[in-house]
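**Student:** Before we start, here is the structure in question, set down as structure tokens.
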Amino acid sequence: MFLGATAGMRLLSQKNSSQAGDIFAAVSRVLGQAPLDFWGAELLAGQAEGALGWITINYVLGMLIKYSFSGEWIRPPEGTLVGALDMGGASTQITFVPGGPILDKNTQATFHLYGSEHRVYTHSYLCFGRDQMLTRLLARLVEVGLPPEEAQVKWDGLGPSAGLKATSLSSCRAAPGPWSATHVTTVATGPRCPRPPCMSHPVSTPHPLQTWPGTSRWKEQGTLGPASPPSGASSTSPAARAEDTVPSMGSTSPPCGAGSMHAHLTSPTQAFSNFYYTFHFLNLTSKQPLTTVNATVWEFCRRPWKQVEASSPGQDRWLRDHCASGLYILTLLLEGYGFREETWPDIEFHKQAACPTGRWHRYWLDAGLHAEPDRRDPGRGARPLAGGELRHLGGWSRLCGADSPGYSWGCGSPPPVAPGLSWAAPGWTAAPARAFLSS
Ligand SMILES: Nc1ncnc2c1ncn2[C@@H]1O[C@H](COP(=O)(O)OP(=O)(O)OP(=O)(O)O)[C@@H](O)[C@H]1O
């Protein structure tokens, strides 16, 4: 067993590295004493998180290798490989095989699987996970004058006496780069980013987001560009805009960093984790066209809160987040990644990076586990290669990249790594794989 920590821990390690180290040590100590073949715990770099999600998807979909009718292992063509969009609580990742060269080598991951070299574009946007986005949105709402009693309604455990302070809400706000208050203000009042090369389409006129009036927690506060409200919305000058949560500039900004990426995202794409939860709640995971998705999100956001609550009993925990989350997802996918009406059908929303039957879970791989199915999949035949190879992969996921470097406990020395991301894995081939790999 190999344990990989993701963005939440990357943030903590930035904020309080000794606390992060204590957690790693404690987890390693406990797991080390458990009756497990524990290899160690490691803080994964963002690139690793993105690349592992991509590998998992393509692995479980059988895109990396197939067993042919004639009894041979064959490699499906590169063009059939599936892109991966992942959104956790603290970061969001995009990974795909680009149609052309990857100019910024920091966004390239190269690894060998089943005898093939794979080169993917991958980027992890720290602070663009859903929880961090919601926290920053709340901070922004408070900053622009929404009374804490109003804003804090959204947040469990933050009562009026909590002394809500925008700046203390999120470690992302204190993070270097585009998260300074000055930057947020700039984003709020000016263009989000110079259009070319960030965006190839005009920025829409801001629309008011009028949601949940009465006991509203988002009173006419936000607006999103391409995710336009249907006609009839009032045109209140927005005090705060939900798009503030997708700041511009800097290497961690999806709008600038990933804009026009869709041009290269030619294959089907699976969006999972937090991309899925909200869209599933809104019944938007069945390949609805973009116009329907947009209208549904806005319609939901406009419903009176009492009605929202009444129509979704037992959903309290995340109910209050679905409006902002839905708008954020739309903004990220449209403005950040550049999806359009025509390319929208390429996105499939799944709970996990998994096949539709959902028997696999990406974290099994993220965590560097053996990536074994919970039960044998008869449709896939005997697969002696996969578990062994991926176990090696997980155990060697030492990476170099632009994101915060990982550190590890209890693992041996990493193999040499190539620039960008590379699992150089000489000798990692499991014995049963050798015949195939040498072919
Ligand atoms: N059923 C659900 N509905 C809505 N949101 C959910 C649901 N279950 C989990 N979440 C949200 O999913 C997030 C956690 O997802 P995930 O486990 O993918 O993130 P993580 O691995 O902690 O994130 P990161 O990799 O960024 O550290 C949280 O934002 C949580 O609020």
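Yeah, the Cβs are placed from backbone N, Cα and C, and that goes for glycine too.
Pasting the feature list from TrEMBL:
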- E49: active site, proton acceptor (ACT_SITE)
- G89, A90, S91, T92, Q93: ATP binding site (BINDING)
- 199-261: region 'Disordered' (REGION)
- 230-240: compositional bias 'Low complexity' (COMPBIAS)
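How about a rundown of where these features are and what they're close to?
**Tutor:** Within 10 Å of the Cβ of E49 (active site, proton acceptor) there are 29 other Cβ atoms, across all protein chains.
Following the DSSP three-state reduction, the secondary structure of T92 (ATP binding site) is strand.
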**Student:** Give the sequence-ordered set of same-chain residues, not counting G89, A90, S91, T92, Q93, with Cβ within 8 Å of the centre of the Cβ atoms defining the ATP site.
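**Tutor:** Along the chain, the qualifying residues are T6, A7, E49, D86, M87, G88, S124, Y125, L126, F128, G129, R130, Q132.
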**Student:** Select, from A90, T92, Q93, each of the binding-site residues with a Cβ positioned under 6 A from at least one atom of ligand 1; if none does, say none.
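**Tutor:** Close enough to ligand 1 are A90.
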**Student:** Work out how many Å separate E49 (active site, proton acceptor) and A90 (ATP binding site) at their Cα atoms, rounded off.
**Tutor:** 12
**Student:** Taking the Cβ of S91 (ATP binding site) as the centre, count every other Cβ atom within 10 Å, in any protein chain shown.
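**Tutor:** Taking every protein chain into account, the count is 27.
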**Student:** Hey, what's the Cβ neighbour count for Q93 (ATP binding site) at 10 Å?
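**Tutor:** Neighbour count, Cβ to Cβ under the 10 Å cut-off: 28.
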